[in-house]
Amino acid sequence: MTTIWDDAGAIPSALTAEKLAEYAKGNPDIVNELDPRTGLTPLAAAIRAGNSSAVKLLLDNKADPDKKTRDGLVPMYLAANAASAGSRPRMVQLLLEKYPKTFDEAGPASIRNETPLMAAVRKKDSRTIKLLDLANEFTPAGLDVAKALQIAASKGRGGVTTYVDEWVLEVLAHFNIWSPLGDIFDSATRSYYDIALFAPLPDDVAEPQTAADFKKNLENAVKRGGLERFFPPGDPYLQQVADKAFQLKNDPKNHLNTPRQVDGLAKLALYQPILYCDDSWSMWVEEDQKGKGERWRAQVELVKRISNITTRAVPDNRGCHLRFINKDTPTYNNLNKDQITDIMEKFPRNDGWTPIGTMLRSHVLDPLIYPDIKANTVKRPWLVLITTDGYPTKEDAMEGVPPGPRDENRNADPDRFRKEIRKIGTELEKAGYRQDVVRFSVSQIGKKISYSDDEEKVKLFLDGLESDPDIQDVLYRTADIMDAKYDALKENEKNLEVFLLTTLLSPLQSLLN
């Protein structure tokens, strides 16, 4: 059974005025309640998914623009920090129209006390910067602007304080007319921080019906995501995907058959999926400590569906690459759902640790991605889908880095996973590619963790990934615990597939309209 949080956070959005009325009929306050699983309000779930239409619907129906998530994040911060660059300014504008008191509030320590404006500067989003700056028009906003701009100093830009103190604050304060100078501030900020100003891209066909509609939306996604290098004008692959999408729209066996869902399937086909699964010992022995393998079985069910959904609109029968943390599987490439199911169901029980970063490098990045980067032969961007129930253990130090003493979890470097994601982004840029040519999604399995200290370690690991500004644009953390969500939806295959489509599209929000 789906919930208001599921519908608000679905990609594409599944929340309608009729559904919202039904939810409110049973509980008038539900529009501002926290999801007991994720700690998000319906508004926060919609913002996180980049669903500006759902954001408007909720705000127009008494959603509180100041209501914080369980982790202490205000809606404006979530909007300014949203992964969907196309939806970000619109969501900020919708929130500002409700005059939130927290529009410039600093966040908790988990996000380094960033304000929404600081997040917008980090994202280099000139439209959102301008909206938030002009919202300060009748407040003493100079200090907030200064704080936001000073974050660039930590990234090596010189002269930030001079720029703020001697130009922005002094000039604007002298004239005391912030709004008329907004365009000047916008232009200066874009120039100073190398923020490009692009002409707005054409909107997608909202309800694609024909192969031509799907192709137009794919071309828009390619432009939004900077993927022209892989899909240049006239590339036959886009037409083939569009034709396959048109067939799926009329396929009675396809549960994801609304025009917008099929459109999502088509955009997934732009990426080569890599499934990186946890095969550590706890996948078999946790939950009840009797070794029944509940987590492993849930992972099997989820992975076989994910492999099917990610490749459903792929026209040439290319499948998923399958990798594990402990077992090396160098030949498990381009597998279909049936092949993956067979491998997972026959997989031998493993007593391994969780060196998730060390083996990301050894089993995924080194064999599958780095060779193409170095040879300049990348044919298609990658989407690395990671499922894990734990936190790093027995991690080795990065190559060339002297190993330190191992910690209580036998890690020489407990941050190895994060560092590998940062490193591949750097290597991509050195080779002339965008960092987001490789995108990562991390999902947690483990609805019940037996030991409280383990639960805290898992939370610290995953929260640290989500709040790291250096990888936020390439890594998405799924809000739900996957096996708990599977249990809740497994009796309704359509609802389960809608949830998984949302999970898979979430790392690709910058491609969506």
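Backbone N, Cα and C atoms are what each Cβ position is placed from, and that goes for glycine too.
Taken verbatim from TrEMBL:
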type	residues	note
REPEAT	38-70	repeat 'ANK'
REGION	394-415	region 'Disordered'
COMPBIAS	405-415	compositional bias 'Basic and acidic residues'
>> At a C-beta cut-off of under 8 Å, are there same-chain residues at least 6 beyond the repeat 'ANK' (38-70) that contact it? List them, or none.
In response: 4-13, 15-17, 20, 24, 30-32, 76, 78-79, 82-84, 86-88, 90-91, 94-95, 97-102, 479-480, 502, 506, 509, 512
> Along the repeat 'ANK' (38-70), what average pLDDT does this model show?
Replying inline: 96
> How does the compositional bias 'Basic and acidic residues' (405-415) divide up by DSSP, counting helix, then strand, then coil residues?
Replying inline: 0 helix, 0 strand, 11 coil
>> Across the repeat 'ANK' (38-70), what are the DSSP residue counts per state (helix, strand, coil)?
In response: 15 helix, 0 strand, 18 coil
